[in-house]
Amino acid sequence: GTVGRVPERVKAGTMEKSRPLWDNPLQFVFACISYAVGLGNVWRFPYLCQMYGGGGFLIPYLIMLIAEGMPLLYLELAVGQRMRQGSIGAWKIISPYLCGVGVASVVVSFFLSMYYNVINAWAFWYLFHSFQDPLPWATCPLNSNRTGYEEECEKTSSTQYFWYRQTLNISPSLEASGSVQWEQALCLTLAWLVVYLCILRGTASTGKVVYVTASLPYCVLIIYLIRGLTLHGAVNGLIYMFTPKLEQLLNPKTWISAATQIFFSLGLGFGSLIAFASYNEPSNNCQRHAIIVSLINSTTSIFASIVTFSIYGFKATFNYESCINKVILLLLNAFDLEEGSLTADNLNEMKDYLMATYPLEYAQLVPQIKNCSLEAELDTAVQGTGLAFIVYSEAIKNMEVPQLYSVLYFFMLLMLGIGSMLGNTAAILTPLTDSRAIASRFPKEVISGVVCFVNCIIGLIFTMEAGNYWFDIFNDYAATLSLLLIVLVETIAVCYIYGIRRFEKDLYTMIGHKPNWYWKIMWAFVSPLLIISLFIFYLTDYILTGTLQYQAWDATQGQLVTKDYPGYALAVIGLLVAASTMCIPLGALVTFIRKRLKREQISTVA
């Protein structure tokens, strides 16, 4: 009988909140930007842009922004602001049977917080090492006999060696779990201490931090843009980025990747945006803010890509020219040629001449002569953490005053990571502080401390030698299918359970006008169909893939190799997906049983 009915105290905008969290609407916008604009804008978007045809990827990306990003962001902000509750309370008000939706959001945010702060720990690790001269990842370390370089480093590169061996000390497989790396454990503890200090008094203290976490990354990106555009070869990277491969528009994975990038970069389904909006004034213009945050988030992704591809171009050009110089030096020494007779311009002609004139001698050198290609260097992409901690490190070490740019870059990563963590923890803390049973017994400092401590202790698994493999499992499976289901249920709940007409009236009460046809069509039809399509794609892809696999580091080869996940890892993946998705039907089932028992008790008494 309470489905779709909102209590009068909510209609009057007087749901029990001690006071608005935000001093003004601008602070709320900064908080949303600080949460939405994160590491995904710096590494995942440029990677997808490169993988799916440069400028050609922007076409489906912008379409998905209009059809999916802005409407769903507007919906979540409006729900949080109207119901004046966190994710659990907000959906419970709409319908008691939807309490599981909020619980699922909290579970997903808890999983995300567990592993996401490890990135901040790595950023601290690199930041501390950025003050060394030379940078520790600039060259390979000497072996124990000091007669040469470490064999593993020689087979790969100094930046990859520093990442896989000196940072992660990674094991050869998931089965070899190894021990906790105390340096990484200390960095993780520091990362959680910083987060705790930012949320010391619950979500209320978040409002004072968001100005810094939202503004500083842009300052660093601008500095990197100015420096990146002046680097030798930066133009090559920008041409590569903006030259569209239009055939990729026929690839369905291009559209799926564009949709998921919008989906995850805005943080839809985590409950953080609902938590932030629940502290707004009831009259806040959430429609305007949804548009502003969406556009700023997408513009930041494109802006960060320009910075990234200028550095890509520098790195690729540097590697290409180094390769050319090595080949020239090899040929000069082998055939005793005159200095300056071989250049990059006439290299191919001279190779043909030497091959025809000295066929036997040239044949012996063929295994040592590399095929240098600028296009191949630009095509080489590293996904996820590899882009942040390997590719950028490779570029930084070749810059002038590398320590300065290293400090700036990893400090920017920290600001992006901390900003996202504030949103993740707010999604957990707001439902807890909304609960009278918990809030009446424990002060906010204790609640915040317990959440951070539990996450930190569990997060130590990611600092083990096999921790990076567990990180990839959580990153790939903890929030993918779960978020799709959560947001799908949210959209259906607002449009078809609560009622689109009732929601229109609520928006009119808050912002003074009803949503136009665009918003209603997107909410009721387009966005749900897109989410269902994504859901079907992921399920189909997983089924067709067969046994799930992961990339393991092979120290003997100095490269990543593909391995199958062991049985217990597959069980953990299943539990990660089920732990959140099952909250939705279980919440509805528990509510149904309670109502049934209550009716029976009333009947018995009567």
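Glycine is treated like the rest: Cβ placed from N, Cα and C.
Check TrEMBL against the ranges 291-312, 313-334 and you find transmembrane segment recorded for 291-312. In this structure, of the binding-site residues Ser265, Ser420, the smallest number of CB atoms within 10 A of the CB marks Ser265.
With respect to Cβ pairs under 8 Å, the transmembrane segment (57-75) is most closely packed against 477-500, considering the stretches 96-116, 450-471, 477-500. The binding-site residues Asn297, Leu416 differ in how many other CB atoms lie within 10 Å of their CB, and the one with the most is Leu416. For Asn41 (Na(+) binding site), the Cβ neighbour count at a 10 Å cut-off comes to 25, with all displayed protein chains included. The largest share of C-beta pairs under 8 angstroms with the transmembrane segment (521-540) comes from 255-279, of the ranges 25-45, 182-200, 255-279, 291-312. Highest Cβ contact count with the transmembrane segment (291-312) among the listed stretches 25-45, 182-200, 255-279, 450-471 falls to 25-45 (criterion: pairs under 8 Å).
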